Amino acid sequence: MRSMSLWMLIGPVTGIATWASLRYAATTTTSSTAAASTRMGLAPVIALSHGGGPLPLLGDPGHKSIIHSLSHRIPKILSLNDPDRRPRAIILITAHWSTAAPTISGAANPDLIYDYYGFPPETYELKYPARGDPGIAAEAAAAFRAEGLGDVVVDPGRGWDHGVFVPMTLVRPEADIPIVQMSVLASEDPTSHLRMGRALRALRAENIAIVGSGFASFHNLRAMMAMRSSAGSRNPEGARIQAISREWNSALTDVVDKNPWQGLEGWRSLPGADLMHPPRGGEHFMPLIACAGAAHEEEKVRWYTDEYLGVDIYTYYWGGSDVE
């Protein structure tokens, strides 16, 4: 998470997690099947929640539900265990890279950027040796230009931040699927992010999945610390945040389900938006907007929830396999 270490608030945990040993039952809701995406032959789109810093890779108990979903649900949505259906590459839009213009990582073998501080030494030695794909990066840049998105940049030196390697270590520990990383816009302009997603629709037809890595339901560090220190709903402030979170998630899910383009253009007017994502602090919401733009109008969204700090954290997806 940006500009703060949660490690000092949490204390030591159990060490780098053994993914196969983690099991957790969380909530899933399905609004339709994946039939439209299957008919069109499109790779899935997923706006996932990546957790706080490297904590999902440390087995942090507060991330138990998120860890389970990253290591079990997301691979199922992407059909990663089916060699005939798994995507040939992933375009990953990360909340931890904000730029003035749409920017795409063009490196064939990206380094990792350990953009967190105050964590155990082993978190600065993590490796995720998946390849980049300069050809797909160039294709995505051309799609952005065709959409009229301005001065698109392909950055051959940019490494992968923890919005990429932390969730992907859980999603695909084999690290055998190429990844192209994309920035969000510092302007936080929702229409531009919707258009970024729309530009990527054609790449879905080439079996390239689109993954947004953020924290769409809740990314307010001050409120998160209040929830952790107050033991959640046992404190009046925690109960207040939980109530606002429920109202926000209900309104947001209704918008994403029924009117994503117009509704997300006006997302700041949704109840609770400024608490869940403080003004000028909406970067962790932008990947969801781009993912919604990458979905075709006839595709219906599905979602599941994870528990985090006593509130529901939603992951939205279009296409792919249903999960429970």
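Just so it is clear, glycine is given a Cβ too, placed from its N, Cα and C backbone atoms.
For the Zn(2+) site, Swiss-Prot gives HIS96, HIS284; the one candidate out of HIS50, HIS193 that the record lists there too is HIS50. In the three-state DSSP scheme, HIS284 (Zn(2+) binding site) falls into the coil class. Around HIS284 (Zn(2+) binding site), the C-beta neighbours below 8 angstroms that are at least 6 residues distant in the chain are ALA95, GLY214, PHE215, ALA216, HIS219, HIS277. Local packing around the Cβ, expressed as the count of other Cβ atoms within 10 angstroms, is greatest for HIS50 among the binding-site residues HIS50, HIS96. HIS50 (Zn(2+) binding site) falls within neither a helix nor a strand when secondary structure is assigned with DSSP, and so counts as coil.
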